[in-house]
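For reference, the structure is listed below as C-alpha cells.
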Amino acid sequence: MNLAFFFNKLNKIPLYLLLFLIPIFFLPFTQNVLDFPKQSLALILIFLSLIGWLGKKIFEGKLVLRENKIFYLSFSLIFLSLLFSCLFSLWPKASFWGLPLDVGDSFLTFFSFLILAFLIINSFEIKTEFLPLLFPLLLAGGICGIINIFQLYKIFPFPFDFTRISSFNTIGTTNSFAIFAVAILPLSLLLSFRAKSFLKIILGVITFVLFLNVILVNFKTAWISLIVGILVLFIFSFGNQKEKIKPSLVAFLMAGLILSIFFYFFPISLPGFPILPLEVSLNSSSEVYILKGTFSEGVKNIILGTGPGTFVFDYSQYRSPLLNQTLFWGTRFLKGNSTSLDWILTKGALGGISLLFLYFLIIYAVLKYLRKIEGKEDFFEIKLGLVAGILSLIVASFFYSFNFVLYFIFWFFVGGFLFYFSPKLIQINLSTPSKMIFANSILIIIIIFSLSLFFLQGQKYFAEMKYLKGVEASQAGNLTQALNYINRAGELNPSVDTYWRDLSQLYLAKTNLISQDPNLSLEEKRRLANLAIVDGAEAINRAIKEAPMNVANWNVRGFFYRNLIGIEGAGDLSLGSYQKATQLEPASPFAFGEKGRVYILIAQELSQKGQEPLRRENLDLAVEDLEAAIELKPDYAPAHYLLAVVYDQQGNLDQAISKLEETKIITPQDPGVAFQLGLLYWRSQQFEKAQEEFERAVNLNPDYSNAKYMLGLVYDKIGEKEKAKKEFEALAQLDPQNQEIKKILANLEKGLPALEGITLSQPPIQETPPEIQ
C-alpha cells in the first residue's frame, strides 16, 4: 500500500464515520453527555481527514479545488469574524473552546465545521463518490429516530440514569430532534423513491420514522421548516420539465404539506401522542431587549459582539426585569431565541452580516440553478434534497437556537450543496520544489497543530470526567473523594471556573465538618479549619480570575465569605462580592437579597460587641437592599422574610409579623416561613396563632423537629398537656440522649410547666431559611 492510497483513505473514511457517528454518539462520563463527546470526536475525525486530504494532494503532485470564489470569500469572512470576536471576547478561552455545557457555540467548533465543509467540497472529484456519504447519515438518523420514539413513550433502551427521561435523545432536546428530522427528511424521501429493492425498503422505513418523530414532537418551528422544504421540492420538481415527477411522490408531498400546515396552525395533541416536557427558551422580544443593551455598551460590541459562547453573560447583564414575573426568573439561559439573533449578539454585526451573506449566496445560487434547469439533471434527487434541507435549516435558524448536531448538519449540507453546484475545477501544480516544500511545511504544521489539539482536548475531556466523579462523590456524601476529584479536574483544565467555584464550596463544607468533629482538639480544629478556609478562598478567587464576568462566581464568593462572618474582613468581602453581582446581574433580586442578609449578620455581630450605632446603620442598609430586591420582584419571598428579621431586630415585632404574613401568602407551602411566623406569634403571646403556624409547619414537613418542639411548648402553654407530651415523646425517640427533652417530659409527668427549671437565654432553635444551601 503506497502513501497516496493511505492518505486517500485517511481523507475519506473519517468523513463516512462522521456522518454516521455524530448523530448517535454520546458518552456517560461527563456532565455534557451529548455535545462535548460529539465535539471531541468531530475534531479528531475532521483533522484526520484534513491531513489525509493534503497528504493525498502532495503525493499526487497537484491540488484540485472546486472553483467558487464567492463562497470561499464568505467562508473567509465568517472565519475572520469568529476569530476577531474570539480574540476580543468577554472570556477568550471559553469562546475558543466552548463552555462545558455548550461547546456548540465556540470558535473551535465553527472552525472545524468550516474545514468540514471545505473537505466535503474538495475531497471527491467524481460526483458519484458523494452518494455513499448520505447513507451513513440517513441510517444514523433512522436509528436516532427509533431511539427517540422509544424515549418519548418511556421505553428506555439505555441503562444510564440520565437517559431514563422521555426528553432524552442523541441529538439534543426533543425540539432540536424535530428540526434535525425535518432537515434530512427530503433526502430520505427522494432517495427512497429513486432506490430499488432492499435499499428502497430501508429508506422508506427511515422516511417514515423521521416523519413520525416530527408529528409526535409537534414543534411549530419544525412544521414551518418542513413547509419550506416541501415547497422547495414542489417548485424544483415541477420546474424540471424533463425530469418527470412520480404521482406517488406528489401524493406524499401533498399529504405532508397539508399535515404541516394543519399542525402549524393547530398544534393539537392527538390521542396516543406522548406528553412532552416543556422546552423553555426566551422569546424574540426578550432577546432583542438584550441585544439593544449589549450594543449600547460601545462600538466593539456592535462590530464584534461579546464573543462566541458568551450569551449567558449578556443575558445576566441585560435581561429585562419583566422576566422576574415568570417561573424561570432564576434561570440563566445559555442560548437565546434564534441562531441568527444569537450570532449577531455574540459575534456582532460583522459576524451577523457574514452569516446572512452566506444565506444570500445559497438562496441566489438556488434561484439561479432553478432558472437553468433545461434537460435531464444528473443527481437531481440529491441536489433537490440538499437544497430543501439547507433552506429548511436557514428558516429554522431564525426561530430556534441550534445545538452542535444542527450546526454540523447545516455545514455538511453547505459542503454538499457547493460540491454539486460548483462544477468547475481548478488545478494547482505542486511538482515544483518550492511549492512542494511549502505544501509539506503546511502538512507538518497541520499535523503538529492536530496532535496538540487532540492532546489538549483529551486533557479537557479527562478533566470533565474527574469533575463528574467529584459531583457524584459529593452527592454521595464523600467529601474527601469529591475534593480529590475536583482538585484533579482543576489541575487538568484550570481555565474552567466551575471547577474552582464548586471546589470553594466543598472546602467550606469541610470547614464545617472540622468544627463539628468531636475527635479533634480545639487547637487542631483551628489549624485544619484555617487550612480549609485558605484553600477555599484560593479556589473561589481563582474562579473570579478565570471568569470575572460570570455572576455565579461572585455570588458564590459572597456566600463563601458570608459563612465566615466573625473572621475579620469576611463581611466586607462578602458585601463587595454581592455588590459586583448586582452590577453583573442588575435585574435579579438575588444578590440584593443576599447583601441584605449579610448586613443582618454583621448587625448581629456588632450587637454582641455592643456597637449599637453601627448595628442600627447596618440594619438600615439591609432594609435598602431588601426593598430593592422586592422592587425587582415583588413576590421574592426571601427578601420579605429577611425584612421581617430586620423589623424584629429593630424592635418592631408587629411590623415583623405583618411582613411574615405577607411572605406566607407568597409561599404558602414553605414550612420554614410557617415556623418563623409561629415563633413571632409565640413571642407576642398570640398562642392560638402560634399553634396554627407550628401545626402547619409539621403538616408540611412531618419530620420538622424544630416545629414539633415549639408546638409542644404551645400545647403546654394552652393547657393541652397530653398533646404536649405526645410531641416531646416523638422528639425523644428521635434524640434519646437529649437531656432537655427528658427534663421537659419529667415536668409534664409531674403536672409542671414544660420549661420549669429550664432557662432559655435565646430562642431554642436557630432556623436557616430554605433558600440557603
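Keep in mind that glycine also has a Cβ here, set from the backbone N, Cα and C atoms.
Where the annotation comes from TrEMBL, it is an automatic prediction and has not been curated.
Per TrEMBL, the feature repeat 'TPR' maps to 603-636, 637-670, 671-704, 705-738. Taken from TrEMBL, the feature transmembrane segment covers 15-34, 40-59, 71-91, 103-121, 133-153, 173-191, 198-216, 222-238, 250-270, 344-367, 379-400, 406-425 (among others).
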Next item on the list: Would you confirm whether the transmembrane segment (406-425) and the transmembrane segment (250-270) meet the contact rule of 3 or more C-beta pairs below 8 angstroms, pairs 6 or more apart in sequence?
Entry: no
Check: Near the transmembrane segment (173-191), which same-chain residues lie under 8 Å Cβ to Cβ, leaving out any that are not at least 6 residues past its ends?
Finding: 23, 134, 137-138, 141-142, 144-145, 148, 152, 167, 203, 206-207, 210-211, 213-214, 217-219, 221-222, 225-226, 229-230, 232-233, 249, 252, 276-277, 279, 381-382, 384-386, 388-389, 392-393, 396, 400, 402-403, 405-406, 409-410, 413
Margin query: Under 8 Å between C-beta atoms and at least six residues away from its ends: which parts of the chain pack against the transmembrane segment (15-34)?
Written below: 41-42, 45-46, 49, 100-103, 116, 119-120, 123, 132-134, 136-137, 139-141, 143-144, 147, 160, 162, 170-172, 180, 403-405, 408, 412, 461, 464-465, 467-468, 471
Check: What same-chain residues lie close to the transmembrane segment (133-153): Cβ under 8 Å, and 6 or more beyond its ends?
Finding: 15-17, 19-24, 120, 163, 165-171, 174, 177, 180-181, 184, 187-188, 191, 202-203, 205-206, 209-210, 212-213, 216-217, 274, 276, 382, 412, 416
Next item on the list: For the transmembrane segment (71-91), could you work out the same-chain residues 6 or more beyond its ends whose Cβ comes under 8 Å from its Cβ atoms?
Entry: 107, 110-111, 114, 117-118, 300, 304-310, 313, 346-348, 350-351, 353-355, 357-358, 361, 418, 422, 547, 549-550
Next item on the list: Restricting attention to the repeat 'TPR' (603-636), give the mean pLDDT.
Entry: 91
Next item on the list: Find the member of 40-59, 222-238, 250-270, 344-367, 379-400 that has more C-beta pairs under 8 Å to the transmembrane segment (103-121) than any other listed stretch.
Entry: 40-59
Checklist line | Beyond the flanks of the transmembrane segment (379-400) by at least 6 residues, Cβ under 8 Å | finding: 127, 130-131, 134, 175-176, 179, 182-191, 193-194, 221-222, 224-226, 228-230, 232-233, 236-237, 240, 243, 337-340, 359, 362-363, 366, 369, 406, 409-410, 413-414, 416-417, 420-421
Item checked: Long-range environment of the transmembrane segment (40-59) - Cβ separation under 8 angstroms, sequence gap at least 6 -> 2-4, 6-12, 14-15, 17-18, 21-22, 25, 108-109, 112, 115-116, 119, 122-123, 408, 430, 436, 439-440, 442-443, 446-447, 449-450, 453-454, 457-458, 461
